[in-house]
Amino acid sequence: MADYQGKNVVIIGLGLTGLSCVDFFLARGVTPRVMDTRMTPPGLDKLPEAVERHTGSLNDEWLMAADLIVASPGIALAHPSLSAAADAGIEIVGDIELFCREAQAPIVAITGSNGKSTVTTLVGEMAKAAGVNVGVGGNIGLPALMLLDAECELYVLELSSFQLETTSSLQAVAATILNVTEDHMDRYPFGLQQYRAAKLRIYENAKVCVVNADDALTMPIRGADERCVSFGVNMGDYHLNHQQGETWLRVKGEKVLNVKEMKLSGQHNYTNALAALALADAAGLPRASSLKALTTFTGLPHRFEVVLEHNGVRWINDSKATNVGSTEAALNGLQVDGTLHLLLGGDGKSADFSPLARYLNGDNVRLYCFGRDGAQLAALRPEVAEQTETMEQAMRLLAPRVQPGDMVLLSPACASLDQFKNFEQRGNEFARLAKELG
């Protein structure tokens, strides 16, 4: 455990994570200073009076006088103020690094462009099914520091690339990169390999690395080694097996579960289940309770969630598809009897949308593109695309056209922040309109 006594600590970024950092230091007899570029950041009213605060900008004077800077994942390490501090030899960490220095129980660590919240939650459910006292959080749910507890027997953390950039003490019992596709390119000017390099930090000092056999970018730089266990659709130690119209989860040739016993559906969710099972096995959880958890887990909201089935039409909310890879995962192997009415749009974060084109070739696809990058998305297949300003306009346009056997899918391939507070608000709006129009 690290000793912070007498240290001049500056925390950048408030919100729930920032407050958890403040509480962490106060509990150790250190009063940090806090700054946030927002004038009235969330959590400002909960900050103890003794804590000095600076809002509306970064305070370079405070930063250059600090012994330790705890940076929110929301601020890029390339920011000139942080670069200057790093050049001056000032240590810069994040909340996950603070957590890793203190945690006494094993950690399962999960990252990836898509599927990480589902897999994190699923491994947590597997641990609970085994009667293990588990703490689940990080980039999902509770900030990691709020999970620190002497009673905890296992931690399951979802970690973003931004969190991993400031973490060096992670020693996971099992770690995975589920997949690597373009995301956050606005934060990674050197492209996909720079983004991948941040993700790869999760494997440093990991006991077992769970890699995706279908995605070479998830492999450690030096290639797979004896620490690696793999999962994949048709390849890998954990894979899918198709026999006589049935699909099974299979581990090293042994069939362990028929997917019809699972509440989750879709090929991307079956591979998520394989990854979760590989992590649970590596963490020493009993296989039987892990499989039981797979049969009861219903999935997370806004992730390929069926919000309405009416008159033979399925309305599916996949608002969490905030990047191209996530929408690809939803479309890959998708079975629709009639026409797919696909809603795309929002803020594409400088991504290349062209990988989606191959899924949009059929006669039974109609595109409804909205938001900041709607025109770019409509250009993928202009002859079947319509462009509107908002998602609501798009849904009112498509509603009279749907027939029994059709599917209406919101899988936007974009962030929501151009028109919504977050992807949850976008998904809730879709669900509300589906119930009104369907």
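Placed from the backbone N, Cα and C atoms, the Cβ positions cover glycine too.
Features of the protein shown, as given by Swiss-Prot:
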BINDING   G112, S113, N114, G115, K116, S117, T118  ATP binding site
Let's check the environment of N114 (ATP binding site): how many other CB atoms sit within 10 Å of its CB? 26
Close in space but at least six residues away in sequence, with Cβ under 8 Å from that of K116 (ATP binding site), the same-chain residues are I110, N139, I140, E158, L159, L178
Candidate with sparsest Cβ neighbourhood (10 Å radius) among S113, S117, T118, the listed binding-site residues: S117
Cβ contacts of G115 (ATP binding site) (under 8 Å, same chain, 6 or more positions away): L178, N179, H268, T271, N272, A275, A329
Run through the Cβ atoms and count how many others sit within 10 Å of the one on G112 (ATP binding site). 28
